[in-house]
Every structure is written in C-alpha cells, then in structure tokens.
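Chemist: The structure under discussion is supplied below as structure tokens; questions concerning it will follow.
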Amino acid sequence: MTDSESPIPKKSIPARFPKWLRQKLPLGRVFAQTDNTIKNKGLPTVCEEASCPNRTHCWSRHTATYLALGDACTRRCGFCDIDFTRNPLPPDPEEGAKIAESAKALGLKHIVITMVSRDDLEDGGASALVHIIETLHTELPTATIEVLASDFEGNIAALHHLLDAHIAIYNHNVETVERLTPFVRHKATYRRSLMMLENAAKYLPNLMTKSGIMVGLGEQESEVKQTLKDLADHGVKIVTIGQYLRPSRRHIPVKSYVSPETFDYYRSVGESLGLFIYAGPFVRSSFNADSVFEAMRQRETSTSALLPNKD
C-alpha cells in the first residue's frame, strides 16, 4: 500500500477535546520536587521526551518513567514525539548509577524504565539495559523493576539477556492493530512484536508480560477485539489501552476520540479473554504502573483486585 493509500487520515478531527479529555493540572510542591530531582541528574524521561499528557499527574505523586540509552531514537514512528537520529551517542556507562540516585531521592519502590530503539547497536541496547538493571538491583535491592523494551529487531538472544536480569514486568507494546502497524510504527511489525511477547512468556512462564495499544487512529472495534485475542494467545497477561493524542501537527492525526464507555467495553472484552486490562482515555503503558503491578500481583494470589482510577 502506498502512502496515498494509507488508511490514516490526512487531517485531524477538531482540536477541541471532549469533556472526558479535559483534566486539571495538579502542579504543586511534589511536582516541583520531582522535576528538580530528575533534572539535577540530567536524566531524560519518557514523560518529557514523548510529551506525555500524564506528566503532571505522575510527577505530582513522585513517580516517573526513565528513558534509557539516550534521548533520541533510531526509528521515526508517526505517533511518537521522541527525537529521531541516525547517529545516536554511545550508551552512558553511568546511566544506571544516575537512575539509582534519582529513584532513591524519589523513594521509588517500583521503577519503570523504557528505552529508545537502538538499531545501531548489535544487540539493540540489551546489554546496556541489563547493566542499568543490575545497578538498580545493587543500589535498591527491594525495588521491583518494569522494563518497556524495543523489539530488538527480533533478536531473541538479546531478549533472553534482558529477561535473565530479573525484572518484575516485561513490557513491549504492539501500539495499534495489525492493519495500521505499517503506518504507525517505523521498522516494526505486528507479528514480530507478538513473537517477542510469546517468547518472553515461554522463556519465563511466571514473568508478568505486558503490552499496550492506542485507540483513535482509525481502527475498527473488531480489530481491537482481534488484537486483544492475539495478545492473550501469545502469553500476554496485562494490556493497557489509551486514547492516542497527537503530539504536534507533524504527527499522525487523531481519527476519533474514544468514549469512556467504549474503553469499558474493551476492558470487558479483554477480561473475558483472561487478560488484566487497564483502559481509559489517559492510560499509557507506564501510567500508574506501580498500582497496576500491585493489583496484578494481588490478582495472582486472590480472585479479585482493584485497579487505580482509570481517569
């Protein structure tokens, strides 16, 4: 399919958000403390680099998601606001120590690390990521670690190296339905992502595996349901579903604003497949990740668990 045949619309829907997408910004002392702690260490976060709409919410409760292996990506996905580069800097050998110092200062018990895609590195950056994780285990031995990883270009050895580092959650997002993947994700495929998730689930059956999708890109209800089934069939345990919001006019336009009732419906569909679903307009992969982790851990030892407020 050529660019002219892309199913993604050229124009965005009206810029005015529906009422369920309007939120108060909880700025205050805690937000300022988090901001200072992160900036004093010179650490990039996906909260800032990807222009996440939840930054003020998360930072106001002393949580943040660290962006590892630099602040520029070797892929240029149409939905993402992280800078693109063909020649990224080498991994910082002190990055793990910097993240550990920041996490200590914030009092984090559950540390979430995501990464830029590093197709310039032989193992996609897995070794550098493992070094960070090992440092965190040493400096914060009681903290749990969640990693949102790239697809490592399908490198299974790199994946296993990461999984051997004793993480609590392995997260890899399919991002959208299969039909839209070529137009949303640069140099990635839907089936390769499913393969990585399935391999992780088989390699460590007790590991919490997680993935996420955005809605509002022009997907059909039937496609979302199929995606949830695909994720369940490939060993995923946790799925996040959130509204795609266009970071700038350079990015893929929003096709629709999905109602809270539709998110509730998708949650019920996923739960019927045995998935642990966290869905809502502002939900992102790492949004309330600590609470989702605790709820999932409770579910594994009981018949029910409460999710944090989805809005």
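Using N, Cα and C of the backbone, Cβ positions are placed for all residues, glycine too.
Bear in mind that the values here come from a model prediction, so they are computed numbers and not experimental data.
In case it helps, Swiss-Prot gives these features for our protein:
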- Cys47, Cys52, Cys58, Ser286: [4Fe-4S] cluster 1 binding site (BINDING)
- Cys73, Cys77, Cys80: [4Fe-4S] cluster 2 binding site (BINDING)
- 59-276: domain 'Radical SAM core' (DOMAIN)
Chemist: If you take the centroid of the Cβ atoms of Cys73, Cys77, Cys80, the listed [4Fe-4S] cluster 2 site, which other residues of that chain have their Cβ within 8 Å of it?
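Modeler: After dropping the recorded site residues, what remains is Arg75, Arg76, Phe79, Asp81, Ile82, Phe84, Val116, Ser117, His186.
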Chemist: Cys77, Cys80: which of these binding-site residues has the sparsest Cβ neighbourhood within 10 Å?
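Modeler: Relative to the other binding-site residues in Cys77, Cys80, Cys77 has the fewest Cβ atoms within 10 Å.
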Chemist: Could you state the whole-number distance in Å separating the C-alpha atoms of Cys80 ([4Fe-4S] cluster 2 binding site) and Ser286 ([4Fe-4S] cluster 1 binding site)?
Modeler: 15
Chemist: Please report the distance from the Cα of Cys73 ([4Fe-4S] cluster 2 binding site) to the Cα of Ser286 ([4Fe-4S] cluster 1 binding site), rounded to the nearest angstrom.
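Modeler: Cys73 ([4Fe-4S] cluster 2 binding site) and Ser286 ([4Fe-4S] cluster 1 binding site) have their Cα atoms 19 Å apart.
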Chemist: Rounded to an integer, what is the Cα-Cα distance in Å between Cys77 ([4Fe-4S] cluster 2 binding site) and Ser286 ([4Fe-4S] cluster 1 binding site)?
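Modeler: On Cα coordinates alone, these residues lie 19 Å apart.
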Chemist: Just checking, which of Cys73, Ser286 (binding-site residues) has the fewest C-beta atoms within 10 Å of its C-beta?
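Modeler: Looking at the binding-site residues Cys73, Ser286, the Cβ with the fewest others within 10 Å is that of Cys73.
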Chemist: When the pLDDT values for the domain 'Radical SAM core' (59-276) are averaged, what is the result?
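Modeler: Looking only at the domain 'Radical SAM core' (59-276), pLDDT averages out to 95.
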